[in-house]
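Before I ask anything, let me first share the structure, which is written out below as structure tokens.
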Amino acid sequence: MRQLLPGDTVWRNIRLATMDPQRQAPYGLVDNQALIVREGHICDIVPETQLPVSGDNIHDMQGRLVTPGLIDCHTHLVFAGNRAAEWEQRLNGASYQHISAQGGGINATVSATRACAEETLYLLARERMMRLASEGVTLLEIKSGYGLELATEEKLLRVAAKLAAENAIDISPTLLAAHATPAEYRDDPDGYITLVCETMIPQLWQKGLFDAVDLFCESVGFNVAQSERVLQTAKALGIPVKGHVEQLSLLGGAQLVSRYQGLSADHIEYLDEAGVAAMRDGGTVGVLLPGAFYFLRETQRPPVELLRRYQVPVAVASDFNPGTSPFCSLHLAMNMACVQFGLTSEEAWAGVTRHAARALGRQATHGQLRADYRADFVVWDAEQPVEVVYEPGRNPLYQRVYRGQIS
């Protein structure tokens with residue numbers, strides 16, 4: 001009989017979808033095993049027969065499915081206002097590029113966010129965060145990028161820090177100052193990039209407000225040369241990088257980010273084979289964002305077969321934002337990734353667990369159920385993982401465990 005220490009907690013009578021690639025079964029499924037949690041981490045996974053059937057801190061889950069906590073590795077959670085009017089314009093025929101050129105798009109949200117009080121931004125973001133937590137999300141990336149000036153970018157990152165301090169969900173904050181050219185720099189995008197590189201990145205990094213630097217390399221964002229300046233600045237300071245690339249056109253952004261060993265290349269609808277090869281060589285995760293593809297009514301799909309062939313890890317994220325993916329649901333993103341992009345259910349699950357963890361640099365501690373990993377997991381009223389993906393309007397969450405505590 002396995003000896004338990006005081007304070008150990010056990011989940012038994014469960015189906016474990018470990019998402020551990022070392023296990024041969026789909027989803028890393030194992031039956032007749034129990035999960036032992038100690039001090040916020042998974043201590044061990046052991047046969048049921050090694051443990052008592054009942055006792056203090058032993059939870060009988062009556063055969064329910066247990067998976068790692070979900071990870072949303074790409075969100076723009078902190079913002080004010082909405083862009084419903086722009087969506088109506090698009091329904092009437094206007095393009096995303098046209099709306100952006102007219103001062104809409106990202107800059108419309110920038111104006112609303114700059115004017116919004118920090119406490120109001122916090123309350124708005126907290127409600128969104130709790131919606132994701134209610135779906136089983138235990139690790140969440142939050143980007144800045146709706147300030148486009150030092151003071152407001154810092155304000156957004158402070159909100160992310162305040163959310164993290166609640167200890168309800170892990171937050172991975174990202175500086176996305178190179179999101180768009182603000183109105184005051186409309187005729188001088190290079191000057192704005194200088195501000196980002198010489199002021200925003202070093203000052204906000206020194207304050208410990210973010211974990212990685214992101215950028216938008218696109219015709220409506222920044223060109224390759226401007227993007228590389230951002231990457232060079234970040235890497236000189238030892239900051240991990242990532243990029244929004246190849247969403248609306250092929251500029252070579254994925255190759256660029258991969259040359260700097262980027263954590264991830266996100267969107268990637270127009271990614272070509274050279275870009276896929278570069279991502280493999282750079283250890284860069286491909287992050288699929290089907291919500292934006294759907295909402296913008298795009299037709300160019302990411303090259304999923306190429307990503308498989310080159311064995312590039314593929315993550316899936318909500319891309320929750322007010323302009324192009326107003327979907328605060330990772331379950332929906334998983335379903336969309338399967339229906340629109342052709343992922344299997346198992347690939348979608350890997351995309352919101354172990355591959356999403358890799359996209360945030362957390363692959364050694366998050367995204368799998370195995371010894372020494374964080375005890376972040378979800379108990380579902382389901383028998384098979386596909387059930388969560390299949391019916392996104394229904395939330396079968398039974399219990400969410402964060403750092404070993406039922407939350």
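Glycine residues also receive a Cβ, built from the backbone N, Cα and C atoms like all the rest.
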Select one of Asp8, Asp170, Asp319: the residue that Swiss-Prot places in the Zn(2+) site alongside His74, His76, His244.
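Only hit among Asp8, Asp170, Asp319 in Swiss-Prot's Zn(2+) site, alongside His74, His76, His244: Asp319.
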Name the one residue among Gln3, Gln247, Gln255, Gln399 that Swiss-Prot lists for the same 4-imidazolone-5-propanoate site as Arg83, Tyr146, His179, Thr324.
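That 4-imidazolone-5-propanoate site, as Swiss-Prot gives it, pairs Arg83, Tyr146, His179, Thr324 with Gln247.
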Around Arg83 (4-imidazolone-5-propanoate binding site), how many other C-beta atoms are within 10 angstroms of its C-beta?
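Excluding its own Cβ, Arg83 (4-imidazolone-5-propanoate binding site) sees 22 Cβ atoms within 10 Å.
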Restricting to the record's 4-imidazolone-5-propanoate-binding residues (Arg83, Tyr146, His179, Gln247, Thr324), give me the longest CA-CA distance in Å as a whole number.
20
Including all protein chains displayed, how many Cβ atoms other than that of His244 (Zn(2+) binding site) lie within 10 Å of its Cβ?
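Taking every protein chain into account, the count is 31.
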If you count Cβ atoms within 10 Å of the Cβ of Gly323 (N-formimidoyl-L-glutamate binding site), leaving out that atom itself, what do you get?
23
